[in-house]
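The structure under discussion appears below in the form of structure tokens.
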Amino acid sequence: FFFFFFFFFPTFLPSQFSRTLPLTGIPLAATVAFSLSDLSRCSHSLTLDLAAMATSAFGTTTATSNYRNGGAANARNLPKNSSVKSKTGVRKSAPGSLGGGGAASSSSKDDAGVPGRVRVAVRLRPRNAEEMVADADFADCVELQPELKRLKLRKNNWDSDTYEFDEVLTEFASQKRVYEVVAKPVVESVLDGYNGTVMAYGQTGTGKTYTVGQLGDEDMAARGIMVRAMEDILAGVSLESDSISVSYMQLYMETIQDLLDPTNDNISIVEDHKTGDVSLPGATQVEIRDHHSFLEILKLGEDHRFAANTKLNTESSRSHAILMAKLVVVDLAGSERIHKSGSEGHTLEEAKSINLSLSALGKCINALAENSPHIPVRDSKLTRLLRDSFGGTARTSLVITVGPSPRHRGETASTIMFGQRAMKVENMLKLKEEFDYKSLSRRLDIQLDKLIAEHERQQKIFEDEIERLTAEAERQLSDAERNYVQALEKERSKYQKEYLESIKKLEEKWTMNQRKSVNDENKLRHKDVGSNVLPNAKESKVAPIEENPEMKKLLEKETAHRKAVEEEVWTLKTQLAESRRSEALQSSEIVKLRKMLDDEAHQKEKLEMEIGKLQSHLLQLSVEADETRRQLDSGGSEEVLSGLDSLLHQSRQPQSDNSETGDKESVAKLFEQVGLHKILSLLEAEDADVRIHAVKVVANLAAEEANQEKIVEAGGLTSLLKLLISSEDETIHRVAAGAIANLAMSETNQELIMAQGGVRLLSNTASSAEDPQTLRMVAGAIANLCGNDKLQMKLRGEGGIKALLGMVRCRHPDVLSQVARGIANFAKCESRASAQGVKAGRSLLIEDGALPWIVQNANNEAASVRRHIELALCHLAQHEANARDMINGGAVWEMVRISRDCPREDIRSLAHRTLTSSHSFQAEMRRLG
Ligand code: ADP
Ligand code: MG
């Protein structure tokens, strides 16, 4: 229950409804309820309650698949002779893209599908015979872009609002396709044991019953959702083990009547206090064996339906049809407002009770949307009946139906908003993205935090790296030192050892020599006794060494050795020097690294200062914002920015709900409180965001005719024109040009714009703009000026036509359509002037070279472009002075085509008349045969 209501916004009491097409007759609602027990067990039963609920002049068709949980519910619904058996069904939450159970609060537009969102499709009804005639001269009020899943709702000639839906079904969509995209997934999950809801909502006559309830006995292809759903259900169950029972009821003026037994006219709703299950034990149930028996039941019910025709649509009923088989299908009454619908016969009382059920539905949706603890389910039978289906476990699909007629634009807008709310989508969230100092400050804070964290991270990485490098360098240095010391020590001890050994050897040799020489001396003494010469000891000792060659050799060897050692020492010394040098190098590396560290620290300091500055800027911003607020507070009672916000917000969606008048009043109130002068003064604010904000508010105000005079009086037009030169911002250009376009609807303002050089300003904006929407606004403004008889010459003189033609470089159809409209306006004024004899000679459009583009686009695929050009051609062709150029430029072929194929009768005959009355054209056509 809850999730179902959750997504609906109570806009079904729209503020406007066509005064020209009153409703008569009696509304009728049919409720068909199936109850399908657990199919995975062996013996199953399926209960189908068909309840037609006729309420009053409101028409909404809802189909809800409802898994009637448990045997208790089934047992209660059993007719005396029914074969339905009691089952223990277990409720499951539906997965997938349709509304699924408890996850109702999540919302996602993904096709992948998140449980909990109501899937909303919009379906456009083709023009009916009456509209073909009555609306022949008007474009449809909606334009569908099915491939983009978008719907454009026209606001005026140059502006429209765009909405996204899950599915966009054009007037050509077949019933089969509608069933497949809207209901089939729901039926499939019903067969899997989930609850499901399919609901149609829309103005009477837009095709709710056609979509949901069409039987299609004459044309199989026209079968609606109920019939197709039953076919799939029958195909999906085995009647050997399952049974399907049907009841068919109607809710009308808060009374439930049995359509299978008209005498049973006040069925009561019974609630199980323990489980909260709702059932209708008094309703007749008939068991379904095959599709044929189902159709019989539906027809029997139809025969009993309390329906009355309306002038709006002779087949339309004001009933709700609900089909239940774990599936509830509800056909609600029309969404238009009763007191304007001109309902006949069924009076105020009926109106009230329809209002009761539908407003109760709305209140529940509201309460659920606001997470209110109290959901006023008990306020009406409709909400009580649908409660089972909205138990938070159903998959839900909503199809909203709209008609094409521009006369019902208000109603269509309200239906679209209902659908949008039902989707609870991002495009509502987008609207909240208004300028807000607090959130800006929050965003900046977060950014700041991120920057600081990132800086700290980098710093840490850097410091770690330095540490690592330093450690590495120190390690290398100490390794080198240690190696050096070790090597030196090794060398030294080696040489010492060798030296000592040599000394020892020398000493030994010396001792040996000594001994030998003593012996020799003794021998000599014994030989030469007579000799006087007594050689002293020294002489006798040295001389033998000097003369001893062996000794000499030893000494030489020793010297060589010494030399080698010295060399070795020298090498070591150079090695030492080398290692000193590399040590110095390393320490210079360290110095460098230190310096880098210092730099980094310096950088950090600077960044911190920057951050400080940013913070103080932020602070100043909020102080300024507060200041502005205070200043404005002292002038009015609202804060200007929040005032602007609400103005912007509210003026953006003036038709968004049923309290339109209320909204307008509050806009007007806020407008008064904030003060137009204050808003206009903000157009020159220093802060670009404030400027954008202000220009948006002014543009939204300028969209309301009632405000336009005030805005111009207060100098708003001048300020807007100034913005076109003073600002470089494309958003400002776009919004300002849009506002100027809106103001340029009145003749007085057109003159003012011209007098202030507006055409040049707009032309300049056009030549520098790239955004198609900016160009569209500029072209729209110029197009409006083109429709002023008095301004033709001046407009052309200031380059207005050239500017329009320049904009066709952007091939966007929205832009082209505005250009075409401007050209058509201009041609029309010229044609008038020529007819009055005020103007002679060739068209200025032709002079300015517009003809080739006109001819090229006369058959443009966009109807909005084509229509204007066709008119322009007809106007140009009125005057012989243009005939030669038109013939040479190939326009005759286009005129012939228009006179034959143009869907607009008036243009077609105008083209025909023109061709037949012009001598030049006649001659040319004869020439061409
Ligand atoms: P509602 O139930 O919303 O009041 P209906 O379903 O009774 O509207 O439709 C009104 C009329 O328009 C019916 O004659 C119906 O056949 C016709 N109609 C509605 N939708 C379509 C459609 N998509 N294609 C053709 N005819 C349609
Ligand atoms: Mg209907």
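Glycine residues also receive a Cβ, built from the backbone N, Cα and C atoms like all the rest.
Check TrEMBL against the ranges 135-169, 590-624, 660-694, 765-799 and you find coiled coil recorded for 590-624. TrEMBL tags one of the stretches 74-127, 452-505, 506-559 as coiled coil, and that stretch is 452-505. Thr206 (ATP binding site): 32 other CB atoms within 10 A of its CB, across all protein chains. Per-residue confidence over the repeat 'ARM' (715-758) averages out at a pLDDT of 91. Neighbour counts were taken as the number of other C-beta atoms within 10 angstroms of each residue's C-beta; across the binding-site residues Gln203, Thr209, the minimum falls on Thr209.
Among the binding-site residues Gly202, Gln203, Gly205, Thr206, Lys208, Thr209, the residues whose Cβ sits under 6 Å from any atom of ligand 2 are Lys208, Thr209. Gly202 (ATP binding site) falls within a strand segment according to DSSP.
Take the CB of Gly207 (ATP binding site) and look out to 10 A: across all protein chains shown you find 25 other CB atoms. For Gly202 (ATP binding site), the Cβ neighbour count at a 10 Å cut-off comes to 32, with all displayed protein chains included.
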